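So that you can see what the record holds, here are the features copied from Swiss-Prot:
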- CYS146: active site, phosphocysteine intermediate (ACT_SITE)
- HIS145, CYS146, ALA147, MET148, GLY149, ARG150, SER151, ARG152: substrate binding site (BINDING)
- 53-201: domain 'Tyrosine-protein phosphatase' (DOMAIN)
Amino acid sequence: MASGDTKTSVKHAHPCAERLSLQQEEGEAEDYCTPGAFELERLFWKGSPQYTHVNEVWPRLHVGDEATALDRYGLQKAGFTHVLNAAHGRWNVDTGPDYYRDMAIEYHGVEADDVPTFDLSIFFYSAAAFIDSALQDDHSKILVHCAMGRSRSATLVLAYLMIHKNMTLVDAIQQVAKNRCVLPNRGFLKQLRELDKQLVKQRRQAGPGAGELGL
């Protein structure tokens, strides 16, 4: 193949993705812009191949599946104190607070469908607040789950890290994906991108050391 043909076949990365390493090295948000969906999906693909029933993705914060949530004995033995069900409801993972009523577990349900048209963003802040409140106690341990532990639950954990840990979407994806194989659907990725843009804008306006924003 001629060199000219080779050049024309090269696909250039999203311009925002080219800035990611620079932003990470400098610890600055000034050069950061939210990557497109394809570039974000590539970050998930580069992540951990681990896909067990449950994985710790942040200290005392675990993402898991339906089997983990239904295993009352396993939850108690593992020391879980909080459960966030991102697939709450009769036609999803039908647990609820009554399922754990005789256990020392605090429950929070989000009735969400794993389809691109579902607006999960309306639950971002309430779910993030529940996770953050749980982790205020050094002895607590929270499970965030859906049916498979890949899309709905992962999306809410990413939103938590962005809102309460001041991470960009890229930082949050890298943190979660290095510990568990996850991949939110395209609709949820779009909603996370919008959250990322809002938070980055707010942090730039607030300046350094502003702490948690968007609350």
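A Cβ is built for glycine as well, from the same backbone N, Cα and C atoms used for every other residue.
Every protein chain shown contributes to the tally, and the Cβ of MET148 (substrate binding site) ends up with 18 other Cβ atoms within 10 Å.
In sequence order, TYR51, CYS181, VAL182, LEU183, PRO184 constitute the residues six or more apart from ARG150 (substrate binding site) in its chain with CB-CB distances below 8 Å. Spatially close to ALA147 (substrate binding site) yet at least six residues away along the chain are ASP65, GLU66, ALA87, ASN92, VAL93, ASP114, judged by Cβ distances under 8 angstroms. Between the listed recorded positions, namely HIS145, CYS146, GLY149, SER151, the fewest other CB atoms within 10 angstroms of a CB are found at SER151.
In sequence order, ALA86, ALA87, VAL110, ALA112, ASP114, LEU120, CYS146, PRO184, PHE188 make up the list of same-chain residues 6 or more apart from ARG152 (substrate binding site) whose Cβ falls under 8 Å from its Cβ.
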